[in-house]
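Going by Swiss-Prot, these are the annotated features:
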- H15, H57, E61, E130: Fe(3+) 1 binding site (BINDING)
- E58, E61, H80, H126, E130: Fe(3+) 2 binding site (BINDING)
- C662, C676, C686, C687: [2Fe-2S] cluster binding site (BINDING)
- 202-248: domain 'F-box' (DOMAIN)
- 1-159: region 'Hemerythrin-like' (REGION)
- 340-364: repeat 'LRR 1' (REPEAT)
- 365-392: repeat 'LRR 2' (REPEAT)
- 393-418: repeat 'LRR 3' (REPEAT)
- 479-508: repeat 'LRR 4' (REPEAT)
- 636-661: repeat 'LRR 7' (REPEAT)
Amino acid sequence: MAPFPEEVDVFTAPHWRMKQLVGLYCDKLSKTNFSNNNDFRALLQSLYATFKEFKMHEQIENEYIIGLLQQRSQTIYNVHSDNKLSEMLSLFEKGLKNVKNEYEQLNYAKQLKERLEAFTKDFLPHMKEEEEVFQPMLMEYFTYEELKDIKKKVIAQHCSQKDTAELLRGLSLWNQAEERQKFFKYSVDEKSDKEAEVSEQSTGITHLPPEVMVSIFSYLNPQELCRCSQVSTKWSQLAKTGSLWKHLYPVHWARGDWYSGPAAELDTEPDEEWVKSRRDESRAFQEWDEDADIDESEESGEESIAISIAQMEKRLLHGLIHNVLPYVGTSVKTLVLAYSSAVSSKMVRQILELCPNLEHLDLTQTDISDSAFDSWSWLGCCQSLRHLDLSGCEKITDVALEKISRALGILTTHESGLLKTSTSKVTSTTWKNKDITMQSFKQSACLHDVTNKDIGEEVDNEHPWTKPISSDDFTSPYVWMLDAEDLADIEDAVEWRHRNVESLCVMETASNFSCPSSACYSKDIVGLRTSVCWQQHCASPAFAYCGHSYCCTGTALRTMSALPESSALCRKAPRTRLLREKDLIYSGSEKSDQETGRVLLFLSLSGCYQITDHGLRVLTLGGGLPYLEHLNLSGCLTVTGAGLQDLVSACPSLNDEYFYYCDNINGPHADTASGCQNLQCGFRACCRSGE
């Protein structure tokens, strides 16, 4: 019978595990053939893993037991300052790196046995002292309920750290296991043949169909999948099935939480204490010098735990990027890196490049910058994205929003329902209305054949996304030559471009007028796109006229129920046809069955104080954000009411209840929007911080 009630005995259970490990390494030490290099290295690797667990055990005791006891008793100090764990780990590392031959192995073995014997003589009495001396003191200074809570935390920490370490080993050994399986393939096949001769009737789990195995694997968490991948080549391939890796939560996994379901069940804002803990981890990790020999005597237990967790998180992220995502990246739908201590812009960039079909991306309170989105370099490369949370990402600027807007793609209806502006720069002559040639007219009112002999050099693919284009460089786009007496109202015409109409709406712009707004594309856009991405996903009609009354001054809007005969318009020979039907100018009733871009439902830029009106207006390109319901711009200090209005006008589904922006801005929906969420917030930008 234990001397203390089991539910409050904080030492016995963890110490049982430590004593078990001591027995295991003593047994291995006695059985190892130090003349054999494989046996020698296997022992050192096993010892290294064992002593890492010893060190983690001591750190947990420091933080959750001894640290609390020191707060209530002044007689406790330097309990773990005399241990030799770091020295032993250094000894194992030197053996693995420096010992090269049998002679050195035998000399090293002598030193190893002496050091292990000395450590064991100190370590076992050390644990006995904790059980016989410190447990009674805990009973004296803590209540029964407090001790129950302490024990629960101690056991949970031991389990989570052990599970995380096993996951990391699984990730790193994934490819190594495959190589070993290939090496033993023939011997295994030979053995299987012999077993089949003995009992042809027997059926094991290895004979189950792949679809059944994948169904079984779907009940496993990431750690268990990594273990299964090491069983055989077949299991390794099945463990890389994309459907098993749809939802990734590396930050949670590094802390022992193996949830891998849809993100909707995790959409809860953490309390400020939890956020502070994650920020402390991040700061400790950044300050930590990887080359330093950190010992419990040099670092507080709390700081050591924080560094260890951040290190695990970093290794786990590297494991995912190099060993998992190259195989399953296209199937990943959810990536949650919120409050990560170790993630970098480079890591995010690599992950986004490997996961083109993301629907849910959460980078809340991470230290990323605009470069994290460099992999979103072509139009529509992540057009399935529905949820994007960049709350607290203070380094994000308009540059990132330009890349994000480009990645969201272009609405099919937006692309097909607008005028096609010219995409080439005129070098020597200007285009005239008389140059227009019609070759055929269909019900969809397509302008089939338009070109110009004086086409200049190609414009850079990203140009329309990065800066406004001055109309001084080129002239008006092609327009229909219609009866000037039948003019339509300008505001009616603005509505027409958002819906299908039977008659044809035509806009003739004043050639020398340029809207001063950086996000207004009422001006012409140069450059017929020749790259594959542009030809597949968009063309100039995506950049709609802004609809501002003041920028449309001098514009003649006309309607007509039928198109004139080509002879009425043509004065020159027919020109060469454009390459693709998709690039033609038309306005009609054609609609796509399903939108494939700009389906964003949730966008949070809370605390991204470097965002300006330009960044907001970039989001209105390509058809705006027609499905957006939740928009959080709390703490975006430099945006104005005009910029907000431009964005909101491109978000017809926006719910005022989930629309947040600074209370000091006189913006849209001022009476019904929810205001700023960052008031007196300790960890996100706000104009009233400190009040």
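Quick reminder: no glycine exception, Cβ is built from N, Cα and C everywhere.
Put simply, C662 ([2Fe-2S] cluster binding site) is 48 Å from E58 (Fe(3+) 2 binding site) when counted between their Cα atoms.
Taking the Cβ of E58 (Fe(3+) 2 binding site) as centre and 10 Å as the limit, one finds 22 other Cβ atoms among all the protein chains shown. Taken through DSSP, the domain 'F-box' (202-248) splits into 29 helix, 2 strand, 16 coil.
Calculated from their C-alpha atoms, the gap between C676 ([2Fe-2S] cluster binding site) and H126 (Fe(3+) 2 binding site) amounts to 55 Å. In the three-state DSSP classification, H57 (Fe(3+) 1 binding site) falls within a helix. Geometry remark: E61 (Fe(3+) 1 binding site) versus H126 (Fe(3+) 2 binding site), CA distance 13 Å. Ranking the binding-site residues E61, E130 by how many other Cβ atoms lie within 10 angstroms of each Cβ puts E130 at the bottom.
In this structure the alpha carbons, written CA, of H126 (Fe(3+) 2 binding site) and C662 ([2Fe-2S] cluster binding site) are 58 Å apart. Other than the site residues H15, H57, E61, E130, same-chain residues with C-beta atoms no more than 8 angstroms from the centre of those residues' C-beta atoms, the Fe(3+) 1 site, are F11, P14, M18, E58, I60, I65, M127.
The DSSP breakdown of the repeat 'LRR 2' (365-392) into helical (H, G, I), extended (E, B) and coil residues amounts to 4 helix, 4 strand, 20 coil.
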